[in-house]
Structure formats: C-alpha cells, structure tokens
C-alpha cells in the first residue's frame, strides 16, 4: 500500500476511476463487439496504464456485493458447491448449452469440406451449391466467434466472482481461528489463496467439458467412421497412445521442474547471503569479492544442467505433439489402403485429416480436465477442512453487557478493569497452562508481569486477550484493549500508517505519541522520515519496531494496554508514566529497574503456571508531580470509525490519511512506458549467438518445407488414385502439376499405394527429426543466452563500486536474479519457440495457398495486413494489463500474509479493526480484479476480432477455391481447403504469444541495465 497522503477537508481525490463501468451504458452493438473497450485500448497504446486508468468493477462483481450474496448462502448450507450453484446455477447451465453450440461449430468445417470435396470429385461441379456451403460455413464461423468470446467472457466473470467469494471466506475465517487451530494446523492461508482456490475455480470453469468432450469425441469418431471406416479407430488409437506417452513425459518433466525450482531457491539464498556480505562487510573491490563467486557459479552450473534435462524432455514432448498428425495420417491411410484394400480419394483423405485435427484438442484437454477434477476435489477437501476449523469463542471474555446487575455494580463501584476468577486456561484441556487463576486489576493501575523465560508471560497476555482456551472460571475485561506483541508486528506501509492503524491523523496528538515513544524519524536515519515505507530492506532495528508498535497502541486511545514488549527506561518514563499515566497497563518486563519502580501498582511473577501477585502502595498519591514533563491536556475530536477504503476522515486541514489506491502501478521502474527497446532484443540474440539464431531459422524453414512437401505428396497420391479410376485425364485441365498428369489403371494405383505410403512416411520421419532439432536448438539458444546474461550481470555487479550497489536496494537486485533470470531461463525460450513455430506454419501454409490460388491468392495479403494491424494494436495493451494484473496481485497476497500474521493483534484492538481489515481486504480484491477484469475484456476484444478475421480468411480462400476449380486438381483443392481451416488458430496464437514475448523482454532489459554497470563487459 503506497504511502501517499492528502488533506481530506475537501473531495476525495484518491478515486479517479470512472464512476460507472462503461459497459453499463453501452449500446447493443457496442456490447456485442466490445466497442466500449476501445477508449482504454487506445490509451494503453499511447501511454503506460496505471491502476487509476482501469474501470471500476461492475456492481455485481464488486467484492462487497459478491460477499453479500455468497456468504449467507454458505452459512446456511456450509457447502461451497451448493452455494455456487444457488448463485450461478442458471447462468452456469446456459453457458453449458452455449459451449455445446461452440463444439458443434468446430465440427462444421470438416463437414463442409467433405460436402464441397464431393462436389469437386463429382462429374459436374455445382458452383452455386458449393458457394452456398461456403456461405453457411462463413455464417457459422461468425456466429461461433460471437458466442465463443461472450461465453468465455461470462465464464471468466463467474470465475472472478467465485474467486472473490472464496478469498473472502478464507480471509474471514483466518482472522477468527482459535489458538488450537492456529497451533495444530499449519494452514498456509497464502497457499489457499494462490493454489487451492485456483484449482477449485479452474475446475468450475471447465466443468461442462467433462461431458461435452466425450460427446464431441463420439461425434467425430462417427464422422470418421463414415469416411474411412475402421481406419478411423486406428488413427484415434495412435492419438491416444501419443497423448498417454506425452502425459507420462509431462509427469517426469514436472518432477524435473520441481527439482529446478528447489535449486533456484538454494541459489537465491546463497546470493542473498553473498550480497548481504558485500554490503555488511563493505567489500569494495572485485579482489575482495572474488572468493564469493565460485559458489554462485557452482550452483548456477547445477541449475543449468537440470534445465538442459528439462529442455531435452520438452523436445521429446514437442516432437510427439507436432508429429502426431503425420503419424495418425500415415497409420490411418496405411490401414485403409494396405489392410482394407480401399482406394483413397481427396474427399476421404482431407476430410479425415480435418476430423483427426479436431480430435487433438479434446483428447489433449480431457486428461488435463480430469487431472483438474482430481486436484480440485483435493483442494475442495482442504478448503472445507479449513473452513470447519474451530473459531475463537467471542464469549470467553465477559464485557459490561454480559455481566449480571450485581456484578456490574460491584465492578463499577470498585473501578475494576480486569478480573479473573478461578480461571483455567491453556492449549490442551488435559494440560492447562494456568489453573485456579485469580487476578484483579483496577482502572488506572500499572501492573508489571515478569518471570523466567518460557514461564508463560506471553500466555498470560493471551489469556487477557481471550486467545487461550478457557476450561473453568471467568474473565472480565472492562474496556477497549490495545496490544503490543512480543514479536513486533509491522505492516509493509509507511511508519505513519503503521502508527495511525486506521485512525484519522491528528498532528498534535501524533507529535505527542511520537515524542513519548522516543521516535524521531527525521533524526533516526530514515530517508523520508515517518513517510518511509517499511520494506524487508528497510533499516529498522528491533528497538525501532518496538517503538512503532507502542506508538500504534498509544495512538489508538484504548482503556487497557497489554504490552508484551521490552520497553526502554526512557520510553517507560515518557510514555508509560507520562502519556498513559491514567490508563490501565499490563506491562511485560525483565528490566529490574522497571520491576522495582516505585510507580508500579502491582507485579505478577509468572512461573510454571502459577501467578504470584505483589501489590504495592501507590506512589502516585504521595508524589503526583514526579514526572518532569506533564502530559498536555489535549483531546482529539471524537470520531469512532476507522479509516478504510470505504470510510474517509471527517476532519479538515489538521487531518491526513493514506491513499488506498496505489499510485504507481506501472510495474517496473526501468520500463520507460511501452516501446520495447531494440537493444533488449539485440542483447538477447547476441547472448544466444547470432549463428545459432540463424541456424534455428534455417531448421525452421527445412521443417516446414518437409511438411509442405509431404502434404503435396499426399495431394499427388489422392489425385493419381482418383485418375486411376478412369483412363480419361480431362480432370487435369491446364496441366497444373506435372506429377498429376500420370494416369494409372485401378490395379496399378492400388499397387502404387505402398510406394506412396513409403515416400510419405520418409517425409514424415524427416519432418519429425526437424521438429526435434528445432526444439533442441531453441533450448540451446535459450540456455546460452541465460548463462551469458547471468554471468555478465553477476560479473558486472561484482566489479561495480560499493556505492552503486548500496544505492540500489538489494531486494531489487535479488528480484532480478530471481524473477527475471527465471523468465529468461524458462519462459522466454518457450515463448520464442512457440512464436517461431506458429509463424513458420502460418507463413508456409498461406504461401502454399497463394501459389495454388495464383492471382486469387492476393486477397490473402489483405487479411494478413488486418491480422498484423489488430495483432500489433493488441500487443501493447496486453503487455500493460498483464503487468498490472501481476503487480496488483502481489500487494493483495502481501496484505493477506500480514493480516494472518497479525491476527491476534488485530482482534485485540476490537471488532472495528476486524471489520476495517475486511474492508481493506475487499479493496485489495477489487483492485486486483479490476485488472483481471480489464485483462479479460482485452483478451476477448482481441479474440473476437481474430475469430471474425478467421471467418473472413476462410471464406476468402474457399470462395477463391470454388472460383478457380478448373485450375486445381482435387488433391490440391482439398489441401488448400484443409490449410484454410488449419491456419487461423496459428495466426491468433502468433499475436497472443507475441505479447508474452514483449513482457518477457522487460526482464532482459533489466538484466542488460545491470550489465551496463560494467561498460566494458561484452554481453
């Protein structure tokens, strides 16, 4: 949370969001085509986005509104699934029906291909009917694009709301867990937020696919059976075998990745120690530091060896995935022609190819979704166990409202603030920590708790807070409590925000508290005074943290102060005896001077479950002016609420409050706002080696050339088989291809099938080998770039002056060595590999289409231009919103971790603080979901335009095919039609993954900036 302050006498300037979501007032056409998102898309292309630029969430997606619907349902049913269905049920069912239509739309392409090919191979070609089929395909693709993008968007909206509901359930539960639950169950709430909830929401997103995919597979197999008979099951069997093999390899790969992550963690711990030693020991020169370098290099070498193993396995997985279509085609056609003794035709071959391709996605998705189901069930069980854990009993401590009339009169007349009668407390009922405990503390008394280490002093404080289980007796606390824990709890915010703890800022009172607690930020070496943000790298000593915790307690105007901290004598005098002189104080101390102080009213000696009380005569009555500094009689204006994102301070010019909107949400400070520097790409390619990069491009060309040749051979095979049925060669008008002018008898064509199959198999094998080479070369280039950049950055930092290292936060340097190097190690090679693979597939397939279609193919250039325009227009906004989504998630998880760690302290300050933290959590959820919601809008904006372009591209190519029917053989006609259906997803993926490449290159830029510290170091 940023430490930004403002005077709040006027309007709230922190909120610069649009008051309403733009989709609320958008017209029908605008909603259908996401035109209402154009304004923000344009802004993202002009400048870097910040959190202030994003839209507010729609009212129904706001965290408060989601909780208002989900929480009552869950409290009534105690079932997450039932609550989900009760809220999203009808929409969930409707989405399932729409997904059936989407699945049907994906199968319509192969059906139209078969119908048109049958016309092509008939004696008379009905052009009007063919164009009608093409028009129907265009209409289905347009409808599918609209339904698909809006259905996906609605799924994402439901997922966001469901995530918000579950996160709020977990957060609320974590703040009320009792001591036994907190001790017995090491519930990693952060993991619940990041992992378990993700699995549950992810499965709810894909639930319909569990039944849609089997139906889809059944329909595809039926269509295949109608085309090539039992050979369809041979092809399907090959697909299943390859997927099973891939799943096995993927399981091994996940194990290797886990090992790699462990090695990275060990390396990062080492680097943290190394740079800590450089700073702490003030190692000025490279000669002083060089002994630290070999350990880093050894850890990095081990890491690179494991990474190479992961990449090698990845090459096998990729080779199987890319070669599977060729293997399926080869096996199916071999069975159909050599075993079933059937003749192939262009209609059968290319319809089967299209149908086999439509099998891949469901067969890949089904095992993944099944695995998601298993993981989601486990996560659901863990979440259910967590939500069923026992909570702190709010009735352990009696308040004024719970006393009988006689008790109330007794406590009021005797000014009793704390009373424990025959109390038995502990973590375990069989072994209570305290038995028969009796304590009495009157209003305004100063009580010191002391004893040996581990004697139970902190446990006694927990008794007063109601944190220990009560087995017998009663405990009364008659006022608001402020608590300081033994381990100071400081949030990652400014020092001032930590002290205010939600209270309005009052300058006079704040100055009194700071002075009494011995805090002088401007004199204690804090660069920005009390506006300095507390970070892991902030130079705060334990004493500083204790003073900040005490100041927080003092500023919050409690009646009773439970202080489990080591208070210095100066602070004891100024704060305990001065500022809090009229308060009831329970102070834990081992300072003998404080224990024996004349100002102590009582002392409790704690040991082995026994609390011995020692009362004294009040020295205050004899020397009322013993303190040199009197406490000014200053009263703060009454305002009982706490500041949070939904409640603002009512005070004027003397009051300041934090801004709850992060003002610098642009991510990386090194990123200059959008245009990716050519230096980053040049630096990365230079680190990988230009020769290796060039060789990779050559291999990519060879791979796709072999793929195209194999497809052309298949086309030739189909044509010769068709010609063999008749000695009439009039099918070959204008002699389109020389190979297709060969006319064979039917018997010769059947005998010729074996040779055709062998040639096709050779091309398929060579293509598969090229896939392996391509993946391995990509891995080699990525590893070489990683190692070069890592070594150069490490050497540059080791040679950098100590002043340069200390001027830049060590945490930031370590983040580059961790996050950015990890991105360069793993994400960037895969992104580049996927980008190049899809680029070459699209270029070669479209190039083949253009050659076959001749001058009709020029229309493809128009569609490529439109693809490029929308793809480049989308890349920058996608990168910006991805950054915002990532950096808004981090403060949310950090806030959750801090709140869980300080749950006891938060509860000690009362229900108002708990409600305040609930509001703050809802704010963090909203901030992250605003970015996530915007990201999904951008994604569907792009997906809709891509799918509309797909429809246009397919229609253009197929219409051109129909118009140029007389120039093409059936084999080439089917091949081009097949490419028209195959290429569009690759084009969409090219531009989608390009934004990922740009995001990854930000990390390369940061690494290169550190390498520049050593200007003579060559990358």
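Using the three backbone atoms N, Cα and C, a Cβ is placed for every residue, glycine included.
Curation plays no part in TrEMBL annotations; they are all automatic predictions.
Looking at the stretches 759-777, 778-796, 797-815, the one that TrEMBL records under the feature transmembrane segment is 759-777.
As annotated in TrEMBL, transmembrane segment covers the listed stretch 88-109 rather than the other ranges in 66-87, 88-109, 154-175. Check TrEMBL against the ranges 219-245, 246-272, 273-299 and you find transmembrane segment recorded for 219-245. Counting only same-chain residues 6+ beyond the ends of the transmembrane segment (219-245), those with a CB under 8 A from a CB of the stretch are 107, 110-111, 114, 320-321, 324, 327-329, 331-333, 335-336, 339-340, 342, 347-348, 351-352, 355-356, 358-360, 362-364, 367.
Remark: the transmembrane segment (129-147) contacts the transmembrane segment (948-969), by the rule of 3 or more CB pairs under 8 A.
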